[in-house]
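Record features, source TrEMBL:
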SIGNAL    1-27  signal peptide
TRANSMEM  280-302  transmembrane segment
TRANSMEM  344-370  transmembrane segment
TRANSMEM  376-395  transmembrane segment
TRANSMEM  416-437  transmembrane segment
TRANSMEM  449-472  transmembrane segment
TRANSMEM  493-526  transmembrane segment
TRANSMEM  532-560  transmembrane segment
TRANSMEM  572-591  transmembrane segment
TRANSMEM  603-631  transmembrane segment
Amino acid sequence: METSRSMAVASWIAVVILLSAAVGGHGFYLPGVAPSDFQKKDPLAVKVNKLTSTKTQLPYSYYSLPYCRPDNIVDSAENLGEVLRGDRIENSPYLFEMREPQMCQIACKITLNDKDVKVLKEKIDDEYRVNMILDNLPLVVPIKRLDQVAPMVYQHGFYVGGKGQPTGNKDVKYYIHNHLSFLVKYHKDVQMDLARIVGFEVKPFSVKHEHEGQWNGNKTRLSTCDPHAKRSVLNSDSPQEVEANQDIIFTYDVEFQESDVKWASRWDTYLLMSDDQIHWFSIVNSLMIVLFLSGMVAMIMLRTLYRDISKYNQLETDEEAQEETGWKLVHGDVFRPPSNSDLLCVYAGTGVQFFGMILVTMIFAVLGFLSPSNRGGLMTAMLLLWVFMGLFAGYSSARLYKMFKGTEWKRITLKTAFTFPGIVFAIFFVLNALIWGEKSSGAVPFTTMFALVLLWFGISVPLVFVGSYLGFKKPALEDPVKTNKIARQIPEQAWYMNPIFSILIGGILPFGAVFIELFFILTSIWLHQFYYIFGFLFLVFIILIVTCAEITIVLCYFQLCSEDYLWWWRSYLTSGSSALYLFIYAAFYFFTKLDITKPVSGILYFGYMLIASYSFFVVTGTIGFYACFWFTRMIYSSVKID
C-alpha cells in the first residue's frame, strides 16, 4: 500500500512537472484587456510613469525633473498594487498619429536654473531611468548582445542622461538625453485598414540643438535636425550639457514599423527568458533533495508502522520493546500541550492564512490570469486574498486552541488577527516614513494607508472571528493516546539532538530547494525585470511543501526515538528556520549583486527582506508543524497502549 502511494505521488509530481514545463518555459498569460484597434492618423497618447533606479530603489514622479509638460497634467487611475509599487502614471506632451512618421518634432524649450541642474545631476549619478507607456506597453531600449547570436536584450526605460570627461578636460560633464527616437511596431489587419500596437521602443540621444533665427515655439527651424532637409539625429557627438541658465530643446522622432508579432503575444519580447537551463537545473537539484527525503520517510514509515507496531502489538516483553525503539515510551507525554501553546495556535493559524493566499495566487498566475499588462495586479490579488483567507486563520487557530483545552476563544482570535499583520504593518509604516522623507513617489499616500487599515479591520478581522467561532464550535480533536498526569523526565540527549542544532540543520534543505529560483525573484524585484515564469515557481513551491514536511517528519521521528517528547514548537521551528537562511542569502545578494549606495535604500532593502523572511518563516513553519502533527497522531494511533 505504501509503495502504491509513493508511486501515485511520483506520477502526480511528474504530471505537474510536464504541465509546468509547458507553461513555465515562457511566460504564459492571458492578455487581460481587450485590444485597441487604430486607424491611420488616429491619435496615440504616450503616458509617462515613474523614474526608477536600481541604485536607490526610490521611484520619483516624472515631472519632478524639468521635462516638457502638457497644458494640464492628468493622473491615470491606479489600482492598489500600482500605488504600493510607486507607479505614478500621467499624460505627456508626446502625441503621435497612427502610422504617420514624424521627424524632429519640438516638444519644448526649457531654461535650467541651479535647482534643476542639481536635481538632474543627482538623477544622472543615480542612473535613473525614464519610463513611458503607449497602449499599455512599457517603453524599452533595445540593446544588442555582444555575442550577436542571442536576440536583443530590452532595457526598461531610458537613462535620464550620462556623464563623461571630454578630451583635454579634467572636469566630469553631465549630459541629458533630450532627443528621443521612438519606434512604434504595429500588427496590421489584412482585411480592414486597422492596426494594433505590438511594440514601443526608443533610442535616446543627447544633442545640443541650434536654431536659425528667432525662437518660434514648435515652428522653429533647427539647424541640428530638420525634417525639410531630411536631416535627422543619428548620434550624440555634440551632446547637450547640463548647466545652469542653459536652454535645452527637447525633440523627438516617431517611426512606425509593421510587425509579424500578433497582439496576443506582444509581451513575449519583454518576458523572454534566455536561461531555461538554470531553472531546469534548479528543479532537478530540488527533486534530488525530495527523493532523498522521501526515501528516508518511506523507510521510517515501513520501519515504524510495519516492524515496530506489529511487534509492539504482539505484546512482547517490556525489555524487548524498550530495546527496540524509544518513541513508544513517551506515549503518555507526546500530546501534552506545549509551553506558550497560545502563540503556537496564532502562528499556525497565520501560516494557514498565508499558505492559502500563496497557493491561490500561484494557481491564478500559472493559469495566466495575472497578466503583465495589468500592472499591480499581482500585488492587489495577494492583498485581497490575504484578507479573505482570514477565515481559515481563525478556524485553524481555534481548532488547535480547543485541542489544547483552551476556553477563551475570543482572546486567541484577537491575537491571530493582530500579531502577524501588526508586526508587518509596523515595519512597513517605518519604511514608508523613510520613503516619504526622501520625497519619493514610492511613499504610500495617507488615503491608501487608510484603505489598507480598512481592509484589515473591516474585512480580515471579522473573518478571523467568523472562522474562530466555527472552529471552536466543532468538537475538540481527541488525542490518540492518553496523557499522563505527571510529566516524564527527558533523558540526557546526544549533542546532535540539541534543539538549536537540529532546528538549524532542518532549515537547510527547504532553503536549498528554493534558493536558485529565489535569485530570479530577487533580481526581478530589485533590478526591475519582469518575472513571469510562474510555471517553474509553482513547481518549486510544491517541492518546498514536500521538503518542509519530510525534513520535519524525519527529525521529529529521531527526536521521539531519543525519548524527547517536546516536539510541538520544534516541528514549527525546524522547517521555519529556512527563513534565517533566506535572510542571510538576501544579505549576500545585497553585497554581491546590488549597487545600492544610499543608507536609506539599504534600510529599505533589509526592511522589505525582513518582512519577506518573516512571512517565509510563518509559511514553512506551518507546513512542518502540520506534517509532524499528522505524523505523530498517525503513529500513536496505530499502537495498542495498555
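Placed from the backbone N, Cα and C atoms, the Cβ positions cover glycine too.
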Query raised in the report: Looking at 280-302, 376-395, 493-526, 603-631, which one has the highest count of Cβ pairs under 8 angstroms to the transmembrane segment (344-370)?
Result: 376-395
Query raised in the report: Would the transmembrane segment (416-437) count as touching the transmembrane segment (532-560), if touching means at least three Cβ pairs under 8 Å and pairs must be 6 or more apart in sequence?
Result: no
Query - Maximum Cβ pairs under 8 Å to the transmembrane segment (532-560) - stretch from the list 280-302, 449-472, 493-526, 603-631 - result: 280-302
